[in-house]
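Summarising the annotation, TrEMBL assigns domain 'FAD-binding PCMH-type' to 22-189. Residues annotated as active site in TrEMBL: ARG167, GLU312. Marked as active site, proton donor by TrEMBL: SER217.
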Amino acid sequence: MSMPIDDLIQKNVPLAPLTTFRVGGPARYFFSPQTDENLLAASAWAKEKNLPVFILGGGSNLLVSDQGFSGLVVKPANRQILIHGQRLDAGAGASLARAAMTAASQNLSGLEWSVGIPGATLGGAVRGNAGAFGRAIGELVETVKAYDRNAGRFTVFSRKDCRFAYRESIFFHQPHLLLWQIGLKLETAEREKIDRLAKQSADFRRRHYPQLPSAGSIFKNLDAQNARLANPEFFASAQAAGAVKDGQLAAGFVIDRGLNLKGKMIGGAKVSLEHANHIVNTGSATAAQIMAMIVLIKNRAASELHLVLEEEIKILGNF
C-alpha cells in the first residue's frame, strides 16, 4: 500500500447521499477498499481503536440515524465481475443490476428477478438474502469469501455455511463477518427468455413501487401459520384478497388493509400510496421521523391486529 492507512481513511463523511432513503448523519470514519490488503489494513486499524465496523453496500434496505455512525463504515470498491462457464464471480461492491446484465450477456439466467431494484450491491443482496417473485439470491450462491474480524483472516463459506433464510443469512446476524467476494452458479437460457423476465421485473417495479427515495420493503412478510393463529378473521380476509402466497402474509396488506395507513405522514416521512410496505422521503424527512413511522406501524399492528411486524431493513446508529 503506497499510503499509510491513516491517510486513506476519511473522516466525517455524509452517509445520506450513499443511501436510497437520502437521510442520516455522517460516518465518523469511512473507507472504500479495493483490495484484500486494503480491507485487512482497515480492519486492523479499526480493531486497534476499538471501533465498530459496518459494511455499506448500495445503501438500500438501510436507515441511518440522524446522528450518523460513530465507527468505521467500509464501502467495498471491489466491483469486478467475471464469468467462468455457468459461474459468476464478483466483488461484494459490484452492482446487482450490472451482475444481472453481465450474466444476461452470456446467456446466463437466475438474476432476472433483481432487475429494477435500486441501489443494490451483490454483497448487500447476499447479506439480506434478497429476493422477489419466489426467488432469492441464496439459491444461487456457491461460495462467499468474507473477512472474519474476530479470527483475523479470510474464510470461504459454502451455501450451507451461509445459513440462508427468509431475508437473512449468517452475515446478517454476525457483523464481524465482512462480505468480500461472491460466487454464483447460474443456468443457461435463451437470451430472449432472459430479457423477457428481466423486463417483467423492471416493469412491475416501475408500476408498483414508489419513485421517491425509500429503502425498499420496511418489514418482512409474516409467516402465514403464525398470522392465522394470531388473527384468524383478518387472515381469512387476506387469503380472500390474494395476499397470502408461498406461506407468507404480505406486510403491505397488513399496513394498507389492516391498518389503513397508506398516505400517513410524520413530518416528511410518508407511507407510500403505491406500496404500503414502503416508507418514502417526500423531500424533508429525517431518520427520526422515518423511525417514528416504523414504530407507529409496529405498535398498531400489535395492538389492533395482534400481529408482530419485523423490520427487513437494517437500522444503523442510535435512535
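Just so it is clear, glycine is given a Cβ too, placed from its N, Cα and C backbone atoms.
There are 20 other Cβ atoms within 10 Å of the Cβ belonging to GLU312 (active site). The DSSP secondary structure for the residue listed as 'active site, proton donor' is coil.
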